[in-house]
Structure formats: structure tokens, C-alpha cells
Amino acid sequence: MIKIDFEKMGGLIPAVIQDNESGEVLMVAFMDEKTLNLTLESGKTWFFSRTRNKYWMKGEESGNTQDVVEVLTDCDADTVVIKVKQNGPAACHTGNRSCFYVRYENGAWVEHSNPLFDPNTVYKK
């Protein structure tokens, strides 16, 4: 039986979140054993925030939740890909569909931002 290796990165693993229909990578976040289990049990994506040092469910503030369709691990069992149905217009806290909207072009990083919502009105911090 394969066991996910949480030890290589001090208890965390990268989680690549991918749109189940389009294949687009929506975001990359970190999970520990607890958040992976919460994700598998609830059918919603849960993560560990290294910045805020807390657990969080995707969409708990914005409403843009993610329904888990499929979970895969790599050959080393130290990373997961989670295919999801994205609920709401965007996965990124900036309001963009994907967190990957900055592209390297001609020697510089160029933002190709197309926010689908205003983060200032969604996140009341």
C-alpha cells in the first residue's frame, strides 16, 4: 500500500489544484496529513497556510469552493494533484481564474491579469 510521504518537507506536501474539465492549473498550495484527510473526507479542498499558520478551506471567505473530483499522487508519493470542479468564477484570491497569470516574456515577468471579482469587496479583513 502506498503511503503519502509528509516527512520530506517537514510535514507538508505540495498540492497542485487542476480544473477537472479544462486541465488548467488553478493553484498550488500546501497540505499536511490533517488537511489531506479533511479534503478526502469532505470532498472540498483544505490546505495549511504557511503564512497564516492555520488550516483553511478553499472558498470559506469568497464562496469560490472546490469540489474534489479525483486525487492523484506522484511516483514518490510526496505531491498530490487534485482535480476539482471550481465553484464560482475564480480560484485565486486576486480575483483571477488561476493563480498563474504572470508570464515570463522577453526577459521580464508580465502580468496578464483579468480579475473576475474585486478582492476588496470579497475579503473583509
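Numbers run from 1 along the shown chain.
Heads up, the Cβ atoms here are built off N, Cα and C, so glycines get one too.
As recorded in Swiss-Prot:
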| type | residues | note |
| --- | --- | --- |
| BINDING | ASP74, ASP76, ASP78 | Mg(2+) binding site |
| BINDING | CYS75, CYS92, CYS99 | Zn(2+) binding site |
| Looking at the binding-site residues CYS75, CYS92, CYS99, which sits with the largest number of other Cβ atoms within 10 Å of its Cβ? | CYS92
| field | Between CYS99 (Zn(2+) binding site) and ASP78 (Mg(2+) binding site): CA-CA distance (Å) | value | 22
| query | Looking at the binding-site residues ASP74, ASP76, ASP78, which sits with the largest number of other Cβ atoms within 10 Å of its Cβ? | reply | ASP78
| query | How many Å lie between the Cα of CYS99 (Zn(2+) binding site) and the Cα of ASP74 (Mg(2+) binding site)? | reply | 22
| note | Counting only residues outside ASP74, ASP76, ASP78 in the same chain, those with C-beta within 8 angstroms of the Mg(2+) site's C-beta centroid are ASP5, LYS8, THR73, CYS75, ALA77, THR79
| query | Whole-number Å distance between the CA of CYS92 (Zn(2+) binding site) and the CA of ASP74 (Mg(2+) binding site)? | reply | 24
